[in-house]
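This report refers to the structure that appears directly beneath it.
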C-alpha cells in the first residue's frame, strides 16, 4: 500500500484535459486486506490488518484500522495498542500473488506497455490507444478489476510516471485523479517536500536547514544550486520538483500465461451461450499471443457454478498454437456444464514460448491465421465490439479432445 504523503489541496480535480497524460499508475487499495475480505465479508467495515504474530509487523491495514493510526511496517504490538479491537489475519502470500497475477492480466489487456513494480501496483503507457482516452481507460480498469476480482483499485493519470504515482496516492481510496499536463506544476506545488521520490528524513532536514520547506521552494533555486548542494541526487530532486521525469514505462515482465474470465450476475444455463463466451475469450487470448509473438502449449478453463465451487481443467497440445480456433476447440472440449448453471467462465493459455503457430501451415494453408490477424487489426482500430467471431474462425463440426 502507498504511504506517500498526501495533501488535501492536491486531491481536487484540475480539469478534464487528458490529451497529454498517457501514463497511468494503478495501485490496489489495502490489497492484502481486501483479498482476505473476499473470504471474510463479515469483517468489512471493521479495523482489520494483515501481518505476522505479536512480534511481527503489519503488512496491510484496512482504512478503518488506519483511522486509529495503524500503518504498514508498524509492529503488531504497537498497532494493537493504538487499536485494541484490531483484527489480525495471518499473511498468505500465495493467494495475494494469484490475485495479483490476474489483476496484471486485466491491465495487460489495455496495453502491452505495462510495468509491474510490486505485487499491487503497476505503470501503464496508453499512448497507443487511439480510440479511448486515458480517463476512459482508467475508469474501465477500475470497473473490470472490481467486477472480476472483487478488489478496489485507484488510478493516477498524468504526463509522467512520478506525477501519476503521486496522483494515485491522492485518489485513494477507490478513486482516480487526473493531473492535466498544464496543471502539473500547480499540482506539485501543493505537496510537501517528502512527496518527491527519494526525499527521506535526512534530505528533508538538510533542505529545511536551508529554508527549503516545500516543492515550490525547490523551484526558487536552480538545477546547479541543487547539484552543488546534493550532487546527482540533487539534480534528480530538482527535475522531479519541476515536473521533469523522462523515465519510460519499461516492460520487464515475462508472461507465463494469458487468460480472460468473466463473472455473471445471472447464471448461464445454456451450453451454447457459455461456448459463445468461451469463443470470444479464445479470440482475446489468441490476439494477445500474436501481439506478443508467443505461442501456447497448454489450454485451461475455469468454471464456477451456482454454489461458488470452482473447477479448472486443462489440456496440453501436441504442437503450440496462437490460433483462437484451436484454443476454443480444446476449451470447449474441456467444458462440463454444471447442472445449476455457470457463474464464471474463463479461458487461459499457458506454457508460453516465442514463436509462430505451426497450425498455420497445416490448417487451410494458413488462411485461418490470416483471418484471425485481420480480425486483430479490425478490433485494434475500431474496438473489440465492432465485430464478433463467426463460423470462419470457429472449429469445424463438434470435434472434441
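Just so you know, glycine gets a Cβ as well, placed from its N, Cα and C.
Here is what TrEMBL says about this protein:
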type	residues	note
ACT_SITE	121	active site
BINDING	27, 120	Mg(2+) binding site
DOMAIN	23-200	domain 'UmuC'
REGION	1-21	region 'Disordered'
SITE	32	site 'Substrate discrimination'
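Counting other Cβ atoms within 10 Å of each Cβ, the lowest count among the recorded positions 120, 121 belongs to 121. Note on residue 27 (Mg(2+) binding site): other Cβ atoms within 10 Å of its Cβ, all shown chains, come to 24. Here the CA atom of residue 27 (Mg(2+) binding site) lies 4 Å from the CA atom of residue 121 (active site). Looking only at the domain 'UmuC' (23-200), the predicted model's pLDDT averages out at 93. Taken residue by residue with DSSP, residue 120 (Mg(2+) binding site) is part of neither helix nor strand, so it is coil.
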